[in-house]
Amino acid sequence: MEISSKEKTQFFSNSIILPFDRSSFKSESSASKEKQSCCGGIKIFLGALSFVYFAKALSGSYLKSTITQIERRFDIPSSLVGVIDGSFEIGNLLIIILVSYFGAKLHRPRIIGAGCLIMSAGTFLIAMPQFFMGRYQYERFPSTINSTVNTSPCLQDKSQTPLSALEKSQEKTNAGCEKEAGSSMWIYVLLGNLLRGIGETPIQPLGITYIDDYAIEENAALYIGCVQTVAIIGPIFGFLLGSLCAKLYVDIGFVDLDSITLTHKDMQWVGAWWLGYLIAGAISLLAGIPFWFLPKHLPKPQSRKDSSTSSEKSKFITEDNKDQYESYQQQVKIAEMAKDFLPSLKNLLGNPVYILYLCASIIQFNSLIGMVTYKPKYIEQQYGQTSSKTNFVIGLIFFAVAFGIFSGGLIMKKFKVNILGAAKLSLGSSFFGYLLLLSLFAMGCENSDVAGLTVSYHGTKGMTDYEEALFSECNSGCSCSKNDWDPICGENGVTYISACLAGCQASNGTGKNTIFFNCSCVGTLTSPSQSYSAVMGPCQKGDECPKMFLYFLVVSVITSYTLSVGGTPGYILLLRCIKPHLKSFAVGIYTLAIRVLAGIPAPVYFGVAIDTTCLKWGSKRCGGRGACRLYDSSALRYVYLGLTLVLGTVSIFFSVAVLWVLRKSSSPQDEILSANGEKGSCGTKSRKDNFANTDHLIQTTYWPEKETRL
């Protein structure tokens, strides 16, 4: 009688069979489950990490978009705004080493989730000053405020102004001084940004290395490229959100908007900067939720288990003892982990490729961080654009950045670029990007004609003594203050700092529609005997400026794409030229160096340099220098672009050194094999003869084939 297949299976399962058969059957069934679990788990983590990158990039870019708003709202100079911007990096600095070293040995997803909660709390704290400080006070002549009394801007006699108006103005000033002297609310913005930096710390070193540990090797570069691409989508929405909030008045919901005499085109306009932080904080809070439900470890792909790319410990631990070893590892205390800290740091600092790439990145990030931080200010002052339009344009430019980063990861995967090719791609991207940036020097606008600042009251350009030049014969009979900033545009196309300094004798209308008449200084350039009128707000830039702004946008898009193509290859170069068990630590040290030597100082010294180009400083109600009202366009262009290009050029020299070290340490046979998509070498001259000498550079014995299987 024949035995059915089912009975055969039952018979053999109940019989004594060889352990080899049982284990092979078990491994065959578990392999498919493990593959599905690995792929599904890493993709879930990839999606969660991408959303966190989006959230942190959105809040960070929104801060950049509100730089000018914060400067005007708190009446502070650019250098102090740079300190506020750099406080994020200071917060990151406080715990980056601890998180990157010890965090890799703990529950990485939950640490990232806790960081998101802290980041959300810091973002909410930034918005708090709006609810505790008084309403925004801007400079306006009394006749422009909704009132039934029209006074002469040129106060030849103090009695021309009704006593009640003077008293009310003085009372408001005194009240504002008492409130202002009692608090410096910008400190809350600084502390909130500091808290944001602390919360953001674990996301990059722990998230990227988690993907690199559990993703299939040929997909690692693409996954990292996807994460960085989503991180660039965050700034797009951040700047677009900044554009939307910049159109809304700062005290919206607290004051009657009909009584506001400013428009979003006015230089004193402050948008609802605080509103975007509430939105960004809520997004950061939601982004951290999935990480509390993700596992500490994911099953590694079968290709990594079977190849020599597995971690160092698997080479010395037999299969029978792995369970005991893992159990022992879980009992290791933090104090015992700390024993390996100094040797690990020494190993990293002895790697020439890592050190040279770190130096190149530090200098390049100085260039990029300074450029991005003050790009809104540059566009506003150089091309006369509003804050809302500026943020919208920068948001669109970031589409090119996102596409460039994704393109870099796609190139690495499609062409199986090895580590030497990654270094070349990163270098070429930087070289051509900064070469394109050089052309922006020719795409600037001339200074606006501002009487007493850029031109004299008689039309002569090239002013020297700005303080004395504010007064002229045409306004000598007026009681004007040189500290006022309430610009008007005369019929002659010249901007005047105030109606009083323009010599205007009468006004008609209220609020935004005020028109000034009999302005003696307006007629000085043509016929002094005639009287001319002026309207509220500064005059527009020259006719050539809109065309230059269009050229600037085109070049900025191309430059942004070119520079960002090298982002993913550079990151892969960083990961591949270090020992596998030092990845988290190396990325943490890399991030620490970028924060300390680029993120903190760059906004500060860029701000100090930009402040040197200021032509007209504002004055606080209680005395002292406030925010800058007008910049020298030509000087601003040379300082802003010059600093960016000088730093970028120095970074290129370090990138050349990285490429030279890689070429010198790679044998011709390795380069031929790498070109064919086979085994490559990051830093060995001969795998057998020089094995002992390669430990200080790159341990390819731990990680062969990884750089060629991207």
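Including glycine, each Cβ sits where the backbone N, Cα and C put it.
Taken from TrEMBL, the feature compositional bias 'Basic and acidic residues' applies to 303-322. Per TrEMBL, domain 'Major facilitator superfamily (MFS) profile' is recorded for 45-666. Residues or ranges marked as domain 'Kazal-like' in TrEMBL: 468-523. Per TrEMBL, the feature region 'Disordered' maps to 299-322. Annotation comment: TrEMBL describes 40-59, 80-104, 110-132, 220-250, 270-294, 354-372, 392-411, 423-443, 548-575, 587-610, 639-662 as transmembrane segment.
Counting C-beta pairs under 8 angstroms (sequence separation of 6 or more), the transmembrane segment (392-411) fails to reach the transmembrane segment (587-610), with fewer than 3 such pairs. Mean model confidence for the domain 'Major facilitator superfamily (MFS) profile' (45-666) is a pLDDT of 80. Outside the transmembrane segment (548-575), and at least 6 residues removed from its termini, the chain residues within Cβ reach (under 8 Å) are 208, 212, 221, 224-225, 228, 232, 353-354, 357, 361, 368, 379, 383, 385, 393, 396-398, 400-405, 407-409, 411-412, 417, 419, 421-423, 425-430, 432-434, 436-437, 439-440, 443-445, 583, 586-587, 590, 658, 707, 710. Sequence-remote contacts of a segment are chain residues at least 6 beyond its ends whose Cβ falls under 8 Å from one of its Cβ atoms, and for the transmembrane segment (40-59) they are 109, 112, 116, 119, 123, 196, 200, 203, 207, 210-211, 214-215, 223, 226-228, 230-235, 237-238, 241, 277, 280-281, 283-284, 286-288, 290-291, 294-295, 298-299. The highest tally of CB pairs under 8 A with the transmembrane segment (220-250), across 110-132, 270-294, 423-443, 587-610, 639-662, is held by 270-294. The stretches the transmembrane segment (639-662) and the transmembrane segment (270-294) are not in mutual contact, being linked by fewer than three Cβ pairs under 8 Å (pairs 6 or more apart in sequence).
Put simply, of 110-132, 423-443, 587-610, the stretch with the most CB pairs closer than 8 A to the transmembrane segment (270-294) is 110-132. Secondary structure of the domain 'Kazal-like' (468-523) per DSSP, as helix, strand and coil residue counts: 8 helix, 13 strand, 35 coil.
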